Amino acid sequence: MDLSVINPILLFAALMSAATPILFAATGELIVERAGVLNLGVEGMMIVGAICGFAIAVETGSPIVGFLAAAAGGALLSLLFAFLTQITLANQVASGLALTLFGLGLSALLGQGYVGIKPPRLPDVNFGFLADIPLIGPIVFSHDPILYVGLILVAAVWATLKFTRAGLILRAVGENHDAAHALGYKVVRIRTLAIMFGGACAGMGGAYISLIRVPQWTEGMTAGVGWIALALVVFASWKPWRVLLGAYLFGGITQLQLNLQGAGVAIPVEYLAMSPYLITIVVLVILSADKSAAPGSLGRTFHASS
Amino acid sequence: MTPLLSLKDLTKAYPGVVANDNVSLEIAPGEVHSLLGENGAGKSTLVKMIYGLVKPDHGEMRMHGADYAPSEPRAARAAGVGMVFQHFSLFDALTVAENIALGMENAPRLSALSDQIRKVSDTYGLPLAPDRIVGDLSAGERQRVEIIRCLLQEPKLLIMDEPTSVLTPQEVDILFETLHKLSTDGTAILYISHKLEEIRTLCDSATILRLGKVVGTCVPKETTAREMAEMMVGKVLGTPTRAGVTPGDTVLELNSLSLPSPSAFGMPLRDISVKLRAGEVLGIGGVAGNGQDELLAALSGEMLAPPGTLKMKNVDIGKLGPNARRAIGLLAAPEERLGHAAAPDMSLTENAMLTGAAREGLENRGFLNWPAARGFAEKIIETFDVRTPGPGNAARSLSGGNLQKFVIGREVLQRPEILVVNQPTWGVDASAAAAIRQALLDLAEAGAAVIVISQDLDELMEISDRFAALNEGRLSDPRSTDGLTVEQIGLMMGGAHGMEVAHV
């Protein structure tokens, strides 16, 4: 065992990148759940985003277009969920599970011709002299633009929910849809938009895996990240900054255990591999002691006449 | 003078029922107009049309002589119509200011809005802190949020749907002061209630609805409550009666019972002591949310009590669950009909089975006796005049009042020794309410002890022998209802909760 092979700077830099897919998916789901909808299809929307982004990036040669396509793909798939749960009033849990299964199958079909191809690379952002700051430079200022988009997204979601009227209306719809309806807000429309935003974010998160993290296309490559994102939203008590904390914690421990495996620590690999899931959930459970934070109408079907 | 709002031949039909049938009425500026009628008479549908929540099938509405057809509440608010809902349309997890901002078209920034809220609440004597979370407020305070939300838009017509059902008598007085001031300022008020004495004090004119039709108008100050009630139900009403019974031995004893509330926004029970004797009716009043649900849960066995605090006939029953308590004769009917007292999607037979299994012998070593359960359900339906096609219908398909009759009847017919009911006549029309009260009195006469928890003070005065009030989870000392005045009751209920009379 040789812990000196672990380079802390590389570890922290990799942590940010490992956390980004979860961060995107969880932030999107946070908006969906704050609007009162429980979409369990995050995993399916991520994998569809992953293949859409990958395919379009390969075809056009532009990773940025790929990411836009991933967002569109995720949003499009989420529209199916919106139709089922908001128009036909189907059960949200069942519809979400179906969406995940459908997404996994659809992505495998779409991705048949793309196995083993290398996608175009997205260059890192050039921060100039900032990147030369010791320690902070290589950790914070050495990444691709999408990672920073993720951070901006968290800040934007937080500010929108806290300071804007749109955010207030969104929270109101999630808190008590009957009261929101009585005040004349379009519950179904607002929820559909929230679901599409969640789908777009999940798609971006999926594409981050296939275009930047791995980068290649393999069937089922999201490997449960969507489920972790879902759990993260709950344990983060529906608060954006806690989602960021949880995502980084999860990303950090994932990287650390990979490094520990590489260093040959005398703990069975299986224990190391499960540690990110375990530790993230334990920490967030402790943080989420204030239980009343769940949106009041979460997961309940809204019907205007009742 | 042109009326502020005139309705002509408004009709709205739902599948199977005509909610409003050619309804016409007029409201002048500054007039306080009352809409009277039993549940299901079409009052709510009518105001929903005025507020743009429901579109009329035909008929016309005019505001200041011009056509008025709001397609949504937003349009109605823009035209100067404000509405305070019966079931508060508030968001528990948001602050007062955020709640008010949601009900406004062009809400200013929250800090500016908070100042406006303070100003209006000061003007109309409705104290309210803008940054408090609504979930922590009392019912009276929540109503102030709704009223202020309307007042900030300077409405020309304010619709109030059953505003006093959750207030103490003192709070009602203060609300009326506010409404008087508004009406003097020229705001018309459309006031829905079935508390007739209130209408007689407050309203200038009244329109009475029955089964969707206007059956009459009157000037409430010149009409007696009884006349109005008989116009509402269309028949002569009887008053519940009972022969005087001397109470027997103590059957139930609560001894310094304190329990935390199971829900986050609930009220803990604090040091409750009371003795209940056989053959008496104990009425428990108080504003909603002061521990009524918790007290019922503690008595029914949904919440277990610490040793020594709850005794039935000198036996400690604190550790017994609901079924064990039912078996020894302590029965309860909670307030929430759908989901608490009855399982909404199960049939009436199944619902009869659920609480009646033990006492009515509907099960045998774990096997269910469905024919007997159906017979029991049919007996309830017949005895309590429940209007339903048969016991196979789902509980959800019954109207609120009918289901209430079923739920109360189900417990009464199980020959309880002690019966605890919460809001037994809530949402039930006048004649059915009288029947339920009579059944409770008959039960007491036959020697059972009855606890009636209710927010309807008239009801409590009518049927109880002794009265006690719940306030912040504490129970006042019970007093005999003979000679008890409304003022005394109000004080027992905790007074006006920091309200003050409008001082402008």
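Glycine is no exception: its Cβ is also placed from the backbone N, Cα and C atoms.
Bear in mind that the values here come from a model prediction, so they are computed numbers and not experimental data.
According to TrEMBL:
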- A:6-25: transmembrane segment (TRANSMEM)
- A:37-58: transmembrane segment (TRANSMEM)
- A:64-84: transmembrane segment (TRANSMEM)
- A:96-115: transmembrane segment (TRANSMEM)
- A:135-161: transmembrane segment (TRANSMEM)
- A:193-214: transmembrane segment (TRANSMEM)
- A:220-238: transmembrane segment (TRANSMEM)
- A:271-289: transmembrane segment (TRANSMEM)
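Residues of the same chain lying 6 or more positions beyond the ends of the transmembrane segment (A:271-289) and with a Cβ under 8 Å from any Cβ of it are 228, 231-232, 234-237, 242, 246, 249-250, 253-254, 257, 260-261, 265. Taking residue pairs at least 6 apart in sequence, the transmembrane segment (A:96-115) and the transmembrane segment (A:193-214) share fewer than three C-beta contacts under 8 angstroms. Across A:6-25, A:37-58, A:96-115, stretch A:6-25 shows the highest tally of CB pairs under 8 A with the transmembrane segment (A:135-161). For the transmembrane segment (A:96-115), same-chain residues at least 6 beyond its ends with a Cβ under 8 Å from one of its own Cβ atoms are 38-48, 50-52, 54-55, 58, 77-78, 80-81, 84, 217-220, 226. Residues 42, 45-46, 135, 138-140, 142-144, 146-147, 150-151, 153-154, 201-202, 204-206, 208-209, 212-213, 222, 225-226, 228-229, 232, 243-244, 247-248, 250-252, 254-256, 259-260, 262-263 of the same chain, all 6+ positions outside the transmembrane segment (A:6-25), place their C-beta atoms under 8 angstroms from a C-beta of that stretch. If you look at the transmembrane segment (A:37-58), the same-chain residues 6 or more away from its ends with a CB under 8 A from one of its CBs are 21, 25, 28-29, 65-74, 77-78, 81, 85-86, 92-93, 95-104, 106-107, 110-111, 114, 117, 119-120, 174, 191, 194-195, 198-199, 202-207, 209-211, 217, 220-222, 224-227, 229-230, 298-299.
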